[in-house]
Each structure stands twice: as C-alpha cells, then as structure tokens.
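These notes are about the structure you will find just below.
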Amino acid sequence: MASALVTKYLTLYNSISTFLWFAVLARLLILLPLVGYDYVSGGLRDFLIGVQTLAGLEIFHSLFGLVRSPLQTTVMQIFSRFALVWGVLYQYPQTGTDIFFTFMVIAWSVTEVIRYSFYALNLAGWGVPDWHQWIRYNFFLVLYPLGVSGEMKLMWNAIAYARTEQPYFALFLKAAMVIWPIGLYILYSHMLKQRSKHYRQVIKKDR
C-alpha cells in the first residue's frame with residue numbers, strides 16, 4: 001500500500017514538474033522574439049525561481065529513500081540551482097540581461113522536461129519510447145556544459161554587484177567559480193555511467 005502511494009505521488013510530482021519546465025521553456029521562446037534576450041528575464045525570472053524551488057523536494061525524496069538517486073548528487077544539483085535562482089537572480093535581477101541567462105534557461109528547461117517526463121512515463125508503467133531514451137542519454141552531453149557556462153557567467157556578473165553590497169557573498173561566488181567545473185565533472189561522470197549502463201542493457205536485449 002505504502003509503495004503504491006509513493007509511486008502515485010512520484011508520478012504526479014514528475015508529471016507536474018514536466019509541465020512546469022515545459023511552461024518555462026515555452027515562455028522563454030515566446031518572450032525571446034518579442035523583447036530580446038536582454039529583457040526576457042524580466043518576464044520569466046519569478047516563474048523560474050518558483051519552479052526551481054519546487055525541485056527542493058527532491059532532496060527529501062532521496063533522503064527518505066523514495067528514489068534511488070544518490071543524496072550527494074541530488075544535494076549538489078539542488079544547491080547549485082538555488083545558489084543561482086535565489087543567490088544571483090533574486091538578489092541581482094540585472095544579471096539576467098545577459099544572453100547567457102537565455103542559454104542557461106534553455107539548458108535547464110530542456111534537460112528537466114526530458115528527465116521528468118522520462119521518470120513519469122516509467123513510474124506510470126507506460127514505457128519510454130526509444131527516441132525518448134536516446135535524447136535522455138545523449139542530449140545532456142551538450143546541455144550540461146551549456147547550462148554550467150550560463151550559470152558561471154551569471155555568477156561572474158553578480159560578483160561586480162555583490163563586491164560592494166555583500167562582500168562575503170562575492171567571495172562565495174568567486175569560490176563557486178572554482179567549484180562549479182568540479183561539480184560539472186561529477187554530474188557529467190554520473191550521467192556517463194548511466195549512459196553506459198543503458199546502452200549495455202540495450203545491447204544485451206538485442207542479442
């Protein structure tokens with residue numbers, strides 16, 4: 001009974017998250033030709049912060065064993081996103097006028113639509129189409145570096161504002177600029193392992 005309730009909850013959570021991240025992407029693509037990349041964050045920032053904040057639930061999902069995702073990896077992903085949306089974009093909205101904000105949001109939203117819909121389909125027992133599995137295990141090769149480059153550029157922009165207003169936060173951002181590539185390596189390595197595991201299963205199944 002408890003297992004069935006957890007499955008239903010996770011299916012609902014992943015379905016809602018898929019819809020919300022698709023809405024983020026759609027809103028970006030609608031605003032971009034209308035106002036340009038330097039103004040798009042004004043119509044998207046608050047919604048993006050809200051959607052990303054919801055993902056904080058994933059720490060508890062991992063902590064209480066509702067999912068098999070490693071807690072360390074989950075905390076790293078959520079913390080890095082919170083640092084960007086609450087630490088940078090919320091406090092220094094002017095950083096969002098950079099085109100790298102657009103790059104970051106595209107990378108985040110496409111990644112999350114793929115990821116959450118993948119989980120939702122699996123949990124619902126509907127199965128994941130081959131094309132969906134392919135994009136799940138290949139798109140990250142480009143999307144992860146694109147997202148991290150956008151994150152680092154916005155942090156770099158925020159340092160100029162934080163230096164006088166919040167010097168300790170500016171130091172944190174400088175440290176983050178060093179740590180972020182390491183985090184990318186860890187997350188990238190994790191996904192490469194998942195990718196290798198997936199293709200081993202595909203090859204074994206085809207034999």
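For all residues, glycine too, the Cβ spot is worked out from N, Cα and C.
Over in TrEMBL, the protein carries these features:
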{"type": "TRANSMEM", "residues": "12-35", "note": "transmembrane segment"}
{"type": "TRANSMEM", "residues": "47-67", "note": "transmembrane segment"}
{"type": "TRANSMEM", "residues": "74-93", "note": "transmembrane segment"}
{"type": "TRANSMEM", "residues": "99-118", "note": "transmembrane segment"}
{"type": "TRANSMEM", "residues": "139-162", "note": "transmembrane segment"}
{"type": "TRANSMEM", "residues": "168-188", "note": "transmembrane segment"}
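Counted over residue pairs separated by six or more positions, the transmembrane segment (99-118) shares at least 3 Cβ pairs under 8 angstroms with the transmembrane segment (12-35), which defines the two as touching.
Long-range contacts of the transmembrane segment (74-93) within the same chain, counting only residues at least 6 positions beyond its ends with a Cβ under 8 Å from a Cβ of the stretch, are 41-42, 45, 48-49, 52-53, 55-56, 58-59, 61-62, 101, 104, 108, 151, 154-155, 157-158, 161-162, 166, 169, 172-173, 176, 180, 183, 186-187. Tertiary proximity for the transmembrane segment (47-67) is limited to same-chain residues at least six positions away from its ends with a CB under 8 Å from its CB atoms, namely 6, 9-10, 13, 17, 20-21, 23-24, 27, 74-75, 77-78, 81-82, 85-86, 89-90, 105, 108. Sequence-distant contacts of the transmembrane segment (12-35) (same chain, at least 6 residues past either end, Cβ-Cβ under 8 Å): 42-44, 47-48, 51, 54-55, 57, 61, 102, 105-106, 108-110, 112-113, 116-117, 119-120, 123.
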